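J.: Got a structure for you, questions after.
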Amino acid sequence: MTTPALLPLSGRRIPTLSPGASSFPHHRATLRLSEKFILLLILSAFITLCFGAFFFLPDNSKHKRFDLGLEDVLIPHIDSPKEGKHASGQVVIHGQGGHDENRHREEEESLRDKIRADHERALQEAKEKLRKSREELQAEIQTEKTKVVEDLKKKDPGPKPLPPPPEPDVKEKRDKIREMMKHAWDSYRQYGWGHNELKPIAKKGHSTNIFGNSQLGASIVDALDTLFIMGLQDEFKDGQEWIEQNLDFSANAEVSVFEVNIRFIGGLLAAYYLSGQEVFKMKAVALAEKLIPAFNTPTGIPWAMVNLKTGVGRNWGWASAGSSILAEFGTLHMEFVHLTYLTGNPVYYQKVMHIRKLLAKMDRPNGLYPNYLNPRTGRWGQHHTSVGGLGDSFYEYLLKAWLMSDKTDVEARKAYDDAIEAIERHLIRKSNGGLTFIGEWKNGHLERKMGHLACFAGGMLALGADGSPDDKAGHYLQLGTGEGPLILKLGPEAFKFDSGLEAVAVRQNEKYYILRPEVIETYWYMWRFTHDPKYRQWGWEAAQAIDRFCRVSGGFSGVKDVYSSNPTYDDVQQSFFLAETLKYLYLLFSNDDLLPLETWVFNTEAHPLPVLGFRCQKRVEVQGKYMFHF
């Protein structure tokens, strides 16, 4: 007897089965059922079993204790009609009885129909598998395996790359910078206390003509906020006591308006904002009153120097026929605006805004600001433009005036953007070796030389990237990273990119390093904006070089030739080394929430001043968060 053949949908005939004959006679020796086929048969049997159980087992729905429809709710006990107590003590609010039973029957019928349909579909798939050869089944299995793998990849692309682990030695590096600061301060405390600066080799006090013949304790005032930020509270209190008892501005001394402003007024204001000690504000205001007479010129452009006692002012004899210097009269805005903010006296604000308005009316050759302006005639002096010495911080303060105003001083921002556009067009170039540098414009010609002071510009460009016109933020951030001097450890005072030279100092008076901070300042800004570990690496290399080549038993000294393996010392520990260089290094290895750039703006001597409107809030926050958190 022969079993009737099955006629598939495709019309192909499946081989008949005879008594005693094996399945698939044409492949008796080689064909084996695939794993998938076996699984399908098991699945089909399971579904059939479930299907039969559903129909033949007794219906126990009548034995259910509770019939809960979609509207049935389990709630805490509330006394009301139609309630029944649940065994748990909770109350079940029942639905409508007859209506619910009909609905349950309909749901059961629907479920049976669905199971029948699934069962028929499984049987049909099994029949189709029987028609395929072994090779076809293996190919299909492989195809479906590949599809499953691809689907899993789409749903789960795998673990995201982990962020780089924190450097295990960051704290050690920060502690090392702190130790360097303590060595510099303790040496000054021991050998130069009360003097403006220190001679660490001779181990005695030192001063320069920017402070006249006065002993104003410049290193004390300049270092105060660094001591506070580093948590050196005993040293900070020593400095505060000296200022309370000894800092006096009535001496018959001729001082630099620019230097005294950025170091003393900036340093005292920062110390006040960080600590809340009124003495620092009082001293800053007292000193500012001594500087106001410097503005008594025909144009309102201040003299470079003023006598603290007499109020008589004058300019440097070497500065282009008695001109005032752009970087000096253009670097007063931040401190003077804060003085008006703290005192309510508008005179400080009025003085610096007058300078801005005057400059806005003047013609600028090629859009560039010359470095010299005659305070008597209101005319430019020599047409020499640089982003290094003589010009640098003027551009910095245009940007920082905007930042300090909480980005509301759009006039300052516009002036900055216009200036940077002209600088990029005329001064920024690439060397033959691919390094980006900022040259100097002299009488219509570009000099391919860059000063160490101009190295701050990388950080400035990054700081000003956000808010740049025409979506140039990425461009200026990239420009900031591309400055050639960023590769230096201890850079010389000036270097050339000409005649095959790549950032090399040629003259002897350009080879010295006087503990300047500008390169490290850019490292810190670039770290804050990119968190690229190379900036910490370069900063640490600079710190090691300073500690190795500039450290002496009596403090830290500049060196006269950075290319010499046995450098000669200049025997000066500059006050800005404590105010800027060590502060930027410390911040480079600190978290971003220590003096965040959203609420603090650093003056050109690295003294942090708050964005106006955040002063009280942030002063309390810094005291509470950092005063004893070191």
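Backbone N, Cα and C define each Cβ position, glycine as well.
Pulled these features from TrEMBL for this protein:
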- 37-57: transmembrane segment (TRANSMEM)
- 97-158: compositional bias 'Basic and acidic residues' (COMPBIAS)
- Glu259: active site, proton donor (ACT_SITE)
- Asp392: active site (ACT_SITE)
- Glu493: active site, proton donor (ACT_SITE)
- Glu518: active site (ACT_SITE)
- Thr604: Ca(2+) binding site (BINDING)
J.: May I ask for the distance between the residue listed as 'Ca(2+) binding site' and Asp392 (active site), taken between their Cα atoms and rounded to an integer number of Å?
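T.: So the alpha carbons of the residue listed as 'Ca(2+) binding site' and Asp392 (active site) sit roughly 9 Å from each other.
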J.: As a test of the contact definition, list every same-chain residue at least 6 positions from Glu493 (active site, proton donor) whose Cβ is closer than 8 Å to its Cβ.
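T.: The list for Glu493 (active site, proton donor) reads Gly451, His452, Ala505, Asn509, Glu510, Lys511, Tyr512, Tyr513, Ile514, Arg516, given in order along the sequence.
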J.: Using a 10 Å radius around each Cβ and counting other Cβ atoms from all shown chains, which of the active-site residues Glu259, Asp392, Glu518 yields the largest count?
T.: Asp392
J.: Glu259 (active site, proton donor) to Asp392 (active site): how many Å between their Cα atoms?
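T.: Distance (Cα to Cα, whole Å): 14 Å.
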J.: Return only the integer: C-alpha distance in Å from Asp392 (active site) to Glu518 (active site).
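T.: It is 11 Å, counting Cα to Cα.
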